[in-house]
Amino acid sequence: MTLVLVTLVLFALLLGRMPVAFAMAIAGLIGLTEQMGWTVAISILERLVFESTSAFILVAIPLFILMAELLTAGDITRRTVIACQAWIGHLKGGLAFATVGAAVLLAALVGSSTASSATMATSAYPEMKKFKYDDRLSTAVVSVGGTLAILIPPSIVLIFYGVLTETSIGNLFLAGVLPGLLTAAGFVVTIMIRARRQGMAPPAEAFEMRRALRSSVSIWPVMLLIFGMMGAIYSGIASPTEAAALGASGALILALTQREMNRSKLFEAFSRSVQTTVMIVTIIYCSHVFSGYLVFTRVTPDVIEMVQQSGLPPSLILFVVLVLILFLGFFLDQIAIMGLTLPLVFPLMMALGYDPLWFGIVITKTVEIGLLTPPLGLNVYVTASRTGVALNTVFRGVMPFLLAELVVLALLVFFPDITLWLPEQVGF
C-alpha cells in the first residue's frame with residue numbers, strides 16, 4: 001500500500017511540474033515516514049545527507065563544469081571549430097564533417113552536451129550558412145554533435161552515474177571513448193548520405209595548407225589541455241578528481257590569456273558553474289533519499305526477487321527498461337532521468353548479471369537520444385534559439401540522425417566488447 005502511495009505522490013508532483021529532485025525527496029520521505037515513523041525517517045535522512053555529499057569524487061563535478069564554462073566563455077572553442085573546418089571544409093559536406101570533428105574535441109573539453117551545441121551554433125552554423133548548406137542539415141549536425149559530450153570523457157553524466165552507483169569514474173571514462181567515436185562515425189555516415197542530395201551540402205572554399213596549419217597552431221593549448229588531463233587519468237598519475245582540478249586550472253589560465261575574456265564573462269562563467277553544480281548535487285541527494293526509501297523498505301529486493309521468479313529472459317527486461325528510459329527522454333533531461341530510474345533499475349540490472357560499466361554506457365547512450373527527440377529535445381531547442389531557425393525545421397533535420405543513434409545503441413547492446421575492451425586493456 002505504501003509503494004502505491006509513494007508512486008502516486010511522485011507522479012502527482014511530476015505532473016504538477018515540480019522539479020524531479022524535490023519530487024523524489026518528498027515521495028521518499030513520505031514512504032519512509034509511513035513505514036518507519038517520523039523520528040526514524042529524519043534520522044535516515046541525516047545519514048543520507050552525509051553519505052551523498054561527502055564522496056571525494058563529487059569535487060570533480062564543479063571543477064569539470066567550471067572548465068567547460070571558462071572554455072566556452074572565451075574564444076577557444078570557436079578556434080577549435082575553425083581549425084577542423086580549415087582541414088576538411090573544402091570537401092562536399094566537409095563543413096558538416098568538420099563540425100562533427102570539432103564536436104569530438106569539444107566533448108573532451110566541456111563535458112556538457114547543451115554547452116557544446118550552443119558553442120557550435122554560434123561558430124559552426126554561420127560558416128555552413130555562408131556556403132548555403134541546407135538548414136535542416138546544418139542545424140541537425142550542430143544538435144547531434146553536442147550529444148557526443150555525454151559519452152566522451154570528461155562527461156558530467158558519467159560522473160553522475162558513477163557517484164549514484166559507486167562505479168569507477170576512471171573506468172567509465174575509458175568505457176565511453178569507443179562508443180563516443182562510434183557515434184561520431186554514425187553521424188559522418190549519415191552526413192555522407194544526406195550530402196548526396198542536390199543543394200544539401202555544397203563544397204566550401206578551396207583548401208589552403210597555410211590557413212589549415214595556422215588554425216591548428218592556434219589550438220595547441222587546447223590539445224595540450226585535453227591530452228594532459230586525459231593522459232594524467234589513464235596513466236594513473238592523477239585520479240579523475242585531481243585531473244579535473246588540472247583541467248579547471250588550465251582552462252582558467254587559457255581564459256585569462258584571451259583578449260575576448262573580461263571580468264563580466266569570468267564572473268558569468270563562475271556563476272553558471274555554481275548554479276549547475278547545485279542542481280546536480282541536489283539531484284544526487286534527493287535521489288539518495290528516494291533510493292533510501294526503496295532499500296530500507298525492501299522495495300528494491302522485493303522487485304528483484306519478483307522479476308527473477310517471473311522467468312522472463314534478462315534481455316527482455318533490459319529492452320523494457322531501455323524503452324522506458326527512451327520514453328522518459330521525451331519529457332525529462334538526462335540527469336533527471338538517471339536520478340529517477342537508477343535507484344531501482346541499477347540493482348535490478350546487476351542482479352540479472354549485467355556489467356555496471358557496460359550498463360552505464362548503454363543507459364547514458366539511451367538518455368542521450370532524448371536530447372534530440374520531441375517534445376523536449378534540449379539540444380534541438382538550444383540550436384534553434386541560437387541560430388534563429390524554426391524549431392520544426394531542426395527536428396526534421398535531426399530525424400535521420402536518430403536512426404544512426406538507434407543503430408549505435410543496438411551495437412552497444414549486442415556487442416558489449418565495444419564498451420568493455422578499453423577498460424579491460426588499461427582500466428584501473
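Here the Cβ of each residue, glycine as well, is placed from N, Cα and C on the backbone.
Going by TrEMBL, these are the annotated features:
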DOMAIN    8-417  domain 'TRAP C4-dicarboxylate transport system permease DctM subunit'
TRANSMEM  47-68  transmembrane segment
TRANSMEM  104-125  transmembrane segment
TRANSMEM  137-163  transmembrane segment
TRANSMEM  169-193  transmembrane segment
TRANSMEM  213-234  transmembrane segment
TRANSMEM  278-296  transmembrane segment
TRANSMEM  316-345  transmembrane segment
TRANSMEM  357-378  transmembrane segment
TRANSMEM  398-422  transmembrane segment
Per-residue pLDDT averaged over the domain 'TRAP C4-dicarboxylate transport system permease DctM subunit' (8-417), given as an integer: 85
Surrounding residues of the transmembrane segment (316-345) on its own chain - C-beta under 8 Å, 6+ positions past either end: 20-21, 24, 113, 150, 156-157, 160-161, 164-165, 279-280, 283-284, 286-287, 290-291, 294, 299-300, 303, 307, 352, 354, 362-364, 366-371, 373-376, 378, 409, 413
Paired segments the transmembrane segment (47-68) and the transmembrane segment (357-378) in contact, 3+ CB pairs under 8 A: no
Residue numbers, six or more beyond the limits of the transmembrane segment (104-125), whose CB comes under 8 Å of its CB atoms: 64-65, 67-69, 71-72, 76-78, 80-82, 84-85, 95, 98, 138-139, 141-143, 145-156, 180-181, 184, 222-223, 225-226, 230, 276, 334, 368, 371, 378-379, 382-383, 386-387
Spatial neighbours of the transmembrane segment (357-378) far in sequence, C-beta under 8 Å, 6+ residues away: 113-114, 143-144, 146-147, 150-151, 155, 157-158, 161-162, 165, 167-168, 171-172, 175-176, 179, 183, 322, 325-326, 328-334, 337-338, 341-342, 345-346, 349-350, 395, 398, 401-402, 405-406, 408-409, 412-413, 416, 419-420, 423
